[in-house]
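Student: There's a structure below that I have some questions on.
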Amino acid sequence: MASSNLIKQLQERGLVAQVTDEEALAERLAQGPIALYCGFDPTADSLHLGHLVPLLCLKRFQQAGHKPVALVGGATGLIGDPSFKAAERKLNTEDTVQEWVDKIRKQVAPFLDFDCGDNSAIAANNYDWFGSMNVLTFLRDIGKHFSVNQMINKEAVKQRLNRDDQGISFTEFSYNLLQGYDFACLNKLHGVALQIGGSDQWGNITSGIDLTRRLHQNQVFGLTVPLITKADGTKFGKTEGGAVWLDPKKTSPYKFYQFWINTADADVYRFLKFFTFMDMAEINALEEEDKNSGKAPRAQYVLAEQVTRLVHGEEGLEAAKRITESLFNGNLSDLSESDFEQLAQDGMPMVELEKGTDLMQALVESELQPSRGQARKAIAANGVTVNGIKQPDPDYVLNENDRYFSNYTLLRRGKKNWCLIKWKSK
């Protein structure tokens, strides 16, 4: 992405929700590289899909020659951002937050280049400046620059104040001051001139712009990316099992890949603009090709491949594709032990059984059939496969020959009802 028209290119992709003084920012970008930052609060032990758009936006700026600062909120994570939250957040211990800070910093690192010369990325932690600050310094040096009148009129806070069942604590109310000071601090330390974040961060970003101007007399800017919505109105980034995480131990690469494969036609081309680095011309050509092919669209596979590779690397992508292909064609011999571990983690329903269980009981225990009688009928009708092979004997007892890596057996009833058996060791 050329730096001179970067904002326009981001707008073409639908990646700009709001921007402060767009003309002045475009001029500043045209003059040469700037430093910019995005903050990630450790509210869990992993980032999720909602963090991916701003994180990739940092990467887009770095590719255009700018210097990204990834700020992990070791201090703000102890407080909790009230923005558009219906209720007060639960406070976590310092040890927990520090553990999450370390995990999130490691998660962010592969997306940015920390060794590429002048625009090498920087990792920062706001605990470095807040950890030793006393309350008097906070109130005198930061608090005096904030108007309570303006703070309570910010939309993110106003929504909480207007609820009869929920107020807002002074702790969460002060979050706005902390994030505002982050911007001023990073401006002084690293010359940061732009903050990016989700559109729910607009109030916090504008507070930081005002504070930086008051403390350092510098003009700085803010840009928000849209909160992603789906065409059908349902929440993006959620499955029946909850959030889709970037940590492979919380959401396996296979499950992650399948999430993107299942993207609706109405969303897929928009998501290619948000979550990949494909050129707009490529995306438009793919949309045209899909429209005229008369076949199932290819876009979902392109999207799944691109984003899984970005987040989980080539190895994670290959595993996800291998599992997908093996389940589709019924040939499980290509699967590795770690592939089965992914399936056991979250790839499909899983049940632990004692060795020596017969097939009818396994179908009942796995909830593929409601009773042994129904299980018998399904088996006799050739409707059940064991590891991809039809098993016609209702009295069949599952044995060691049916176990992959001495541990796993895959049952299927009909075409789409799966269950993975994990055999108990004793």
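Backbone N, Cα and C atoms are what each Cβ position is placed from, and that goes for glycine too.
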Student: Tell me which of 42-51, 92-101, 322-331 corresponds to the motif ''HIGH' region' entry in Swiss-Prot.
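Tutor: Motif ''HIGH' region', as annotated by Swiss-Prot, spans 42-51.
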Student: Pick from 195-199, 235-239, 250-254, 365-369: which stretch is listed in Swiss-Prot under motif ''KMSKS' region'?
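Tutor: Of the candidate stretches, Swiss-Prot labels 235-239 as motif ''KMSKS' region'.
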Student: If you count, for each of the binding-site residues Tyr37, Gln179, Lys238, the other Cβ atoms lying within 10 Å of its Cβ, which residue has the minimum?
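Tutor: It is Lys238 that, of the binding-site residues Tyr37, Gln179, Lys238, has the fewest other Cβ atoms within 10 Å.
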Student: Return only the integer: C-alpha distance in Å from Tyr37 (L-tyrosine binding site) to Lys238 (ATP binding site).
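Tutor: If we compare the Cα positions of Tyr37 (L-tyrosine binding site) and Lys238 (ATP binding site), the gap is 26 Å.
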